[in-house]
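A.B. asks: The annotation transmembrane segment is assigned in TrEMBL to 48-68, 102-122, 134-150, 162-183, 262-291, 303-321, 336-355.
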Amino acid sequence: MDLPYTDIDYFVFTDAARFVFNGQSPYERDTYRYTPLLAWLLLPTTYWFEYGKVFFVLCDLITGYLIIKLLDKAKRNKSWSILWLWNPMVATISTRGSSESVLTIVVMLITNFTLSNQYALAGLFTGLAVHLKIYPLIYIPSILLNIDALQPWYQPVTRARLLFLLTSALGFGALTALMYHFYGDEFLQEAYLYHLSRLDHRHNFSVYNLTLYLSSYRGFSSLPLFQNYGLHVEKLAFLPQLGLSMVLIPLKLANIDLVSCFFVQTFAFITFNKVITSQYFIWCLCFLPVYTANSTIKPTKTVFLLATWIATQGLWLWNAYQLEFLGKAGIFTTGIWLSSCLFFVCNCMLLVAFANDLSAQKRTQLLKKKR
């Protein structure tokens, strides 16, 4: 069976842009679950359908430039930027019509401004990032810990931290109020509230895939197992996810290397998310060049971890293809859930490796200071 190259989301984006062009709400398009800003940015697609793909590729290149600036600022080899600029996964996702590169520009700007002590600009762009997608909230604790890092823990309030928080709230509040003015409750429901209760068991690498699949079945709550034990594990997914990405990792890693901390936070957030698709990994790939440039992980271990990550993801995709396109068997016999579990274990192995690597970097820094 021939597979279409263009992502289904791209048709959603362009349809929403067409509604806006005609003076209507982008939410007239079923399954448009994004800020209206994205539809506004893609208005030229009403004249040139491929414009959005070209725009997303341009965003990839701008992100690459900002990565090079970060590498230069950290005095690391700028050639590591090829991990983004020459990455086939990045190129494929943008040319298929996924919009993730719009957000990576904003996240890279936040990182650059924070490391340059430009906290007002960092805050404004953090507000923009959270408006575009909710997940950049996880970076706020790390940024606060990095600002005035020598400040005693019992005196957490500083002028710089307040400036960052106030400008973040201003950036998010102003944009959200503007979108609400135009589109009302529909905007809040589709762009934000929907994602809090999202149950997407299709095209989903997540370890919660099976419970999401069962939850989509109307008779789910009447099954004896769930009547007796009330097992709705997917509703508790946010506890380990936010506990790791917003609390434990920032406390442990934020003052070792902020960019690498962002990388590990994002990877943890994706690993424990209820929904995982390939393009989600773009969120952390933009940090990979800076992290890798200072990594102490041995090349042989790197190859093993990368090969395992690709293999477990490939296994899931193979099983999903058998089910979705060939209709060979149901979800249980195709091994999708087992593949999700293996992929989850692999991602946890990577998380441990990344955290240990950054701890080793910290020990190296301390030894250099003692000398």
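Going from the start of the chain as shown, residues are counted 1 onward.
Note: Cβ is positioned from N, Cα and C throughout, glycine not excepted.
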A.B. asks: What residues elsewhere in the chain lie close to the transmembrane segment (48-68), defined as a C-beta under 8 angstroms and at least 6 residues from its ends?
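C.D. replies: For the transmembrane segment (48-68), the sequence-distant neighbours (Cβ-Cβ under 8 Å, at least 6 residues beyond its ends) are 10, 13-14, 41-42, 78, 81, 84-85, 90-91, 94-99, 101-102, 104-105, 108-109, 111-112, 286, 289-290.
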A.B. asks: Do any residues of this chain, six or more beyond the ends of the transmembrane segment (336-355), have a C-beta under 8 angstroms from a C-beta of it, and if so which?
C.D. replies: 204-207, 209-210, 249, 252-253, 260, 263-264, 267-268, 270-271, 291, 297, 301, 305, 308-309, 312-313, 315-316, 319-320, 323
